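These notes concern the structure reproduced below.
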Amino acid sequence: MNKANLLHIDTNIKITLLAEVSVGISANSILFIAYLCMLLGENRHKPIDLYIAFLSLTQLMLLITMGLIAVDMFMPWGRWDSTTCQSLIYLHRFLRGLTLCATCLLNVLWTITLSSRNSCLAKFKHKYPHHISGAFLFLCVLYMSFSSHFLVSMTVTPNLTSENFMYVTQSCSLLPMSYSRTSMFSTPVAIRETFLISLMALSSGYMVALLWRHKKQAQHLRSTSLSSKASPEQRATRTILLLMSFFVVFYILDTVIFHSRMKFKDGSILYCFQIIVSHSYVTVSPFVFICTEKHIIKFLRSMCGRIANI
């Protein structure tokens, strides 16, 4: 991809990308602040709330980093040096991988939380809250090692056009790598993503079975003239299934666009589309939490009421 072409991409694409980043930053900030206030408040909170706060913070940092990269792609105010390129691209890749793993673990933890007492997962219910901090630390160390090659493969974009460099932004490019070296870095990533997607598929399948069982119970309750309102378990199950549906759709689109880019030498527009699609989930997911979690809605309403009374 020619570095000059990024500056001449259609204005609508630039606006879409920057708007997506801005909306995502705002939504994740609201979600993180809401959960942080609930965690620091006197009200009792669920152990999984801490993990949702961690996920929203990770997504917020990812979008902020992407915003800085997007500015250098379209509106370069000054060339970055090699250290800035390596640090920002490394941080972005690290946060992107960490977000994927955190989403997967949130799915698994939610499955454990909603499992019945007779389920084989019930024995983990009282164990996982005590291991969340350790899981955070393990994930950070793991994904720091996964992304470490960007510290040595990222360099300042040369002034002269070269087909051997892969342009990331106006200031940063990836150094050319041999096929064996590329495979050495890409294989662990492929294995990681395959494992995480499979784990999410299994937990989502369990969720579907759980939702079907609750639906049968609801039909029985209606037949006995009892309340037919959705239970907290049903609402939580629908929330996580909705999140996973968004994740799968955006992941498939991202994969299709990535392979399409590989077929074109000058895929600047596809490159921007891939960035938009790959960050769509982290932009949409906080809205799912905000709109479906009743305690978040109540908290935001109370905050708005306090602000209005000031």
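Every residue gets a Cβ built from N, Cα and C, even glycine.
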Residue pair TYR167, SER260: same membrane side in Swiss-Prot: yes
Swiss-Prot annotation, disulfide partner of CYS85 among CYS140, CYS172, CYS272: CYS172
Residue distribution over DSSP helix, strand and coil in the topological domain 'Extracellular' (72-93): 15 helix, 0 strand, 7 coil
Ranked first among 94-114, 191-211, 239-259, 269-289 for CB pairs under 8 angstroms with the transmembrane segment (51-71): 94-114
For the topological domain 'Extracellular' (72-93), sequence-distant contacts whose Cβ falls under 8 Å of one of its Cβ atoms, 6 or more beyond its ends: 6-7, 9, 14, 18, 61-62, 65-66, 147-148, 150-151, 154-157, 168-172
